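Here is what Swiss-Prot says about this protein:
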COMPBIAS  1-11  compositional bias 'Pro residues'
REGION    1-320  region 'Disordered'
TOPO_DOM  1-709  topological domain 'Cytoplasmic'
COMPBIAS  58-73  compositional bias 'Basic and acidic residues'
COMPBIAS  74-97  compositional bias 'Basic residues'
COMPBIAS  104-113  compositional bias 'Basic residues'
COMPBIAS  137-153  compositional bias 'Acidic residues'
COMPBIAS  201-216  compositional bias 'Low complexity'
COMPBIAS  268-290  compositional bias 'Basic and acidic residues'
REGION    431-500  region 'Disordered'
COMPBIAS  437-450  compositional bias 'Low complexity'
COMPBIAS  482-500  compositional bias 'Basic and acidic residues'
TRANSMEM  710-732  transmembrane segment
TRANSMEM  738-775  transmembrane segment
TRANSMEM  795-817  transmembrane segment
TRANSMEM  827-848  transmembrane segment
TRANSMEM  894-911  transmembrane segment
TOPO_DOM  912-926  topological domain 'Cytoplasmic'
TRANSMEM  927-947  transmembrane segment
TRANSMEM  981-1003  transmembrane segment
TRANSMEM  1029-1050  transmembrane segment
TRANSMEM  1084-1129  transmembrane segment
TRANSMEM  1156-1192  transmembrane segment
Amino acid sequence: MANGVIPPPGGASPLPQVRVPLEEPPLSPDTEEEDDDLGKTLAVSRFGDLISKPPAWDPEKPSRSFSERDFAFHRHISHHTHHPLSARLPPPHKLRRLPPTFARHTRRKRKKEKTSAPPSEGTPPIQEEGGAGAHEGEEEEEEEEEGESETEAVEPPPSGSPQKAKFSIGSDEDDSPGLPGKAAFTKPLPSVGPRSDKSPQRSVSSSSPRARAPRVAGERSRPWSPSASYDLRERLCPGSALGNPGGPEQQVPTDEAEAQMLGSADLDDMKSHRLEDNPGVRRHLVKEPSRVQGGRGSRGGLTPTLRRKKKKQQPDRRPHEVFVELNELMLDRSQEPHWRETARWIKFEEDVEEETERWGKPHVASLSFRSLLELRRTIAHGAALLDLEQTTLPGIAHLVVETMIVSDQIRPEDRASVLRTLLLKHCHPNDDKDCGSFPRNPSSSSVNSVLGNHHATPSHGPDGAVPTMADDLGEPAPLWPHDPDAKERPLHMPGGDGHRGKSLKLLEKIPEDAEATVVLVGCVPFLEQPAAAFVRLSEAVLLESVLEVPVPVRFLFVMLGPSHISTDYHELGRSIATLMSDKLFHEAAYQADDRQDLLGAISEFLDGSIVIPPSEVEGRDLLRSVAAFQRELLRKRREREQTKVEMTTRGGYLAPGKELALELGGSDAAPEDDPLLRTGSVFGGLIRDVKRRYPHYPSDLRDALHSQCVAAVLFIYFAALSPAITFGGLLGEKTEGLMGVSELIVSTAVLGVLFSLLGAQPLLVVGFSGPLLVFEGAFFKFCQAQDLEYLTGRVWVGLWLVVFVLALVGAEGTFLVRYISPFTQEIFAFLISLIFIYETFHKLYKVFTEHPLLPFYPREGALEGAPEARLELNGSAPPPTEGPPGPRNQPNTALLSLILMLGTFLIAFFLRKFRNSRFLGGKARRIIGDFGIPISILLMVLVDYSITDTYTQKLTVPTGLSVTSPHKRTWFIPPLGSARPFPPWMMVAAAVPALLVLILIFMETQITALIVSQKARRLLKGSGFHLDLLLIGSLGGLCGLFGLPWLTAATVRSVTHVNALTVMRTAIAPGDKPQIQEVREQRVTGVLIASLVGLSIVMGAVLRRIPLAVLFGIFLYMGVTSLSGIQLSQRLLLILMPAKHHPEQPYVTKVKTWRMHLFTCIQLACIALLWVVKSTAASLAFPFLLLLTVPLRRCLLPRLFQDRELQALDSEDAEPNFDEDGQDEYNELHMPV
């Protein structure tokens, strides 16, 4: 130990008399093994200089006794002898020991409690010789076993020279107070090989692996001098081995070199330990490990005391979200050095543009393979400080610099320069322009010219135990020589201006629990070789003015070096920043215990990386395979991680940081409640839906108290009103006014309110659809052909519909929706789109027939209708009571109708395209695109209103709450017939059309509910397929009695409603796809939307201004937009396209071209068959033929195609897209409008 005294048993009891034999006894094998396990003592070779008159060696005298005064005198004078103990470290092969027995383990544990930790991972711990003997008096059962190993041999000095003997620090020795001189004894060191008694005793060499030259026993150690090289061997030495030429009376605990690295508390402790004489009290080398020497980069460098402390306060090893910032050493306009942010990572890399100093677009970081190898070598040889307990940047920088000195990366004279460089001011692109513009990659010559012509006085405020440089460094160390104004250069000072220029928008994109990583790289002229340090703090701390946003810092990486080497510091900084942004690597960085764990994580990163050959890439098409190859590597990487998690789980333990992942997505997660799962009991699914959904009824009302719900009501109101007006006008045309806009608005309002209050999924929007419009027209033609009352027949169809719905729900038949694949959905949507397009041009053809283009129009008698039309050609006359024919042969009517139809279509279509453009902001584009239909209707109505001398047919809307044709019907439809009795056979035969309309309602409602209930949409309150189908079917029977149209769940409007109530996460990395935070599931918005649609009946005067040609344009828009999201239409275009221009889609790359075209032709054949049926008198049967496509897909197609091909051609892989620049609902859905 430092004073070289044996502690008495009990700590304060008198020291016993120690008998030291003059002859060296033979060592038994057991004694040699114990000495080898306990370590070699650190011999001091120059202790003989302190002895003026050594006693004569008497071989006949067996032993002598030492008193307490001898020990006290030796303890006092031994403090002023400088012996660098780092030159006596054990060799490398002695550092690895065999597993000790329980007794040896106990002694080694006591010994480690008296030893300070090494400063870095690469430095082995200092082991003191005789350390185990310090505890021999504490265990009585060990005295006999340790007695032989504690003997000391005395060798006679050469004649004619002063005695030069060695003693072991902490060995048994004594001094006689009356002697003029004092003999020094040394404990023999057991050698590894065969032992020779005549061979000189060799001590342990340097701790550095590169210099382990053995020291001769009598060699004189070199005293420390300012000009000597201050390396690891001279740094790691106890205070008792420091030279002091002032004599024993000078009260100096240590030299300046060690004092400048220690705090005041450590210096006071050293003074009390080394200079105060407390008799009977044994003091150790260092009471507690120094902060500088207690590097966290080594597992074995922690004493048991620290291990117990860390066990009480374990650092947080749970992985957090990451924010990485790269700062480079730059020069501002005044040629002053500062740290400048050049890139940042949340998930993807964002670089600062050179000229404009603004952030570029996020992109995947591309790294050079050489920079990764250099980074691996840097971490392997640099400093690694893990779980560093510091809370300020000056404290962290001080320990980083000291560790660099200890690990021989920088010289001691560069301490102040490196420290001041680390504490320079940090500037960011969002800050004020006080930092000025800077060159992105300044040349090394310019940096060296500036850094070589400046001078700085290092000074910074004290931080706890970190000494002030002005007090402890003496003369100021030059950082930039020859600069008298360097004292005013800004440094990083705590409590300054704080985070200037914070980007609140960026802060919103960073997760709340994120911890930052700061990367500092740059060139400096005063270093001869690169110096690096990887730091992980024990807990995240908020460092003022370092980051552009106030995010706590957990990791730091420092890389400084000269400019004359070939290392690209910018690329090396990008490499470590990209690694820290990688999910698996930063998890490994949190859990790493030493640098080997970091190196292993780099190897894992390299295993999942892609190396692109150094060849020119002419276009993006040449890089198509890179994305697919990367996805394959990521899949294998996830499989390896999953395998590791499973192995650790089976082994009975979990790796650090894996507990949360298993809790969230592990095998122990609760199974999900499948609403389509059959219970086996009658109405079992309906009961489950009621129990699942109705308990959330109070929250369905509370969750509506948000401003987002108000905005959704206004938006969906126009989205629901536009189809109601469009389909109402077309329905009035098909049914000759028996049902029109009034009936459809009332039906939408009543059924919407009831469904929102009672439905299991209140986010569904019920409304009229294209398939129901086709069925209503087919059923009307059927009734006309059979001379039946259309409205009375609908009453009996509605009653049978209720019966069939009850039977289907009671048998839990909703599970059949699983068998409806995209094969059937695409056929259904494609057919309805074709019908919409055909009906649009057919209506336009009728307009041109009634109002042909003539070379001459007669002046008189041009109007064949009512006289009122002559007075107001384009006015809004009240609807006729009887139904006279409208005017015919009107000039310019056909052309104006064509203009209105195409104008409405083009405006709505291009506003939809504008939604996905780059103009304006994302929210503004989305609002404009979503309101495209109302905007186009409004503009074309204004155009028609401004042309007063041209006739156009207007929408027929009654005044007030009235039916469309009061002279034809009333609000209540008698089931037995109004004009004549309804035939009884038709009452029974109505079951057939009821079954057909059930097929349409079932497909649209259940598929819509299935789309809304996708896992990706994050609906938490559940759905109810049985309850929703029962409500819509039962309300359909009610609609028949009042002559209202049947409704179903409208797919596009329902998805739009859910998207409007979806709350997206703001903490999304730039460039990453948006993620759903929550969906406001409630019932109030549906009730308000339906109520507002019902109140629109009072706008009859406004609705009567809408020309039918405008509705034809909306009809055309619905048909065209529905085709854009269907895969069938895309594959249809591929038939006319060469194979080399086919897109990179699974149905192209995984299926042969001719087999893909065969699948497309089968779908086209089904569509043609349905079109033929729809065009004949048997048009009512088209829903039944549509249902037959389900068994066709399940039974016939597997015989023609392989499962792999069907998976590519008929897979439901569409996910909701919430990106502001993404596609709209029409592109995501395979269902008709």
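Yeah, the Cβs are placed from backbone N, Cα and C, and that goes for glycine too.
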_For the transmembrane segment (894-911), distant same-chain residues with Cβ under 8 A (at least six beyond the ends)_ = 840, 844, 847-848, 851-853, 928-929, 931-933, 935-937, 939-940, 943-944, 947, 950, 952-953, 1107-1110, 1112-1114, 1116-1117, 1120-1121
*Is the count of Cβ pairs under 8 Å between the transmembrane segment (738-775) and the transmembrane segment (1029-1050), pairs 6 or more apart in sequence, 3 or more?*
yes
*asked:* Would you say the transmembrane segment (981-1003) and the transmembrane segment (1156-1192) are touching, if the rule is that at least three C-beta pairs must lie under 8 angstroms and be 6 or more residues apart?
replied: yes
*So which of 710-732, 795-817, 981-1003 is most in touch with the transmembrane segment (1029-1050), counting Cβ pairs under 8 Å?*
795-817
_Recorded stretch, among 795-817, 981-1003, 1084-1129, maximising Cβ pairs under 8 Å relative to the transmembrane segment (927-947)_ = 1084-1129
*For the transmembrane segment (710-732), name the stretch out of 795-817, 981-1003, 1084-1129 with the most CB-CB pairs under 8 Å.*
1084-1129
*Calculate the per-residue pLDDT averaged over the topological domain 'Cytoplasmic' (1-709) and state the result as an integer.*
62
*Can you tell me how the residues of the topological domain 'Cytoplasmic' (912-926) break down into helix, strand and coil by DSSP?*
9 helix, 0 strand, 6 coil
